[in-house]
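**Student:** This structure is in structure tokens; I'll ask about it shortly.
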Amino acid sequence: LICYNQLGTKPPTTETCGDDSCYKMIWTYDGVIRRGCGCFTPRGDMPRPRCCKSDKCNL
């Protein structure tokens, strides 16, 4: 699976993942969009990530 992994509004970069999903989320404390491999359950007051299961689905 290929996922985007750039921070915020930087030019898109990708990575090949061993996971079966990609995520995209906006962190509330700094407003920065984060992207990467996998899907996880957030702790505390972190926002829930948007997860998807196809190549480059987290732009």
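Glycine residues also receive a Cβ, built from the backbone N, Cα and C atoms like all the rest.
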**Student:** Pick from CYS3, CYS39: the cysteine that Swiss-Prot pairs with CYS22 in a disulfide bond.
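**Tutor:** Of the listed candidates, Swiss-Prot names CYS3 as the partner.
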**Student:** In whole Å, note down how far the CA of CYS37 (disulfide bond) lies from the CA of CYS22 (disulfide bond).
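**Tutor:** Computed Cα spacing between CYS22 (disulfide bond) and CYS37 (disulfide bond) is 4 Å.
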**Student:** Comparing the disulfide-bonded residues CYS22, CYS37, CYS39, CYS52, CYS57, which residue's C-beta has the most other C-beta atoms within 10 angstroms in this structure?
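**Tutor:** For the disulfide-bonded residues CYS22, CYS37, CYS39, CYS52, CYS57, the Cβ with the most other Cβ atoms within 10 Å is CYS22.
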**Student:** Just jot down the residues in the same chain as CYS3 (disulfide bond), at least 6 apart in sequence, with C-beta under 8 A of its C-beta; none if empty.
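**Tutor:** When sequence neighbours closer than 6 are ignored, CYS3 (disulfide bond) has THR14, GLU15, CYS17, ASP19, CYS22, TYR23, ARG35, GLY36, CYS37, ASP55, LYS56, CYS57, ASN58 within Cβ distance under 8 Å.
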**Student:** Cα distance, CYS39 (disulfide bond) to CYS52 (disulfide bond), nearest Å?
**Tutor:** 8
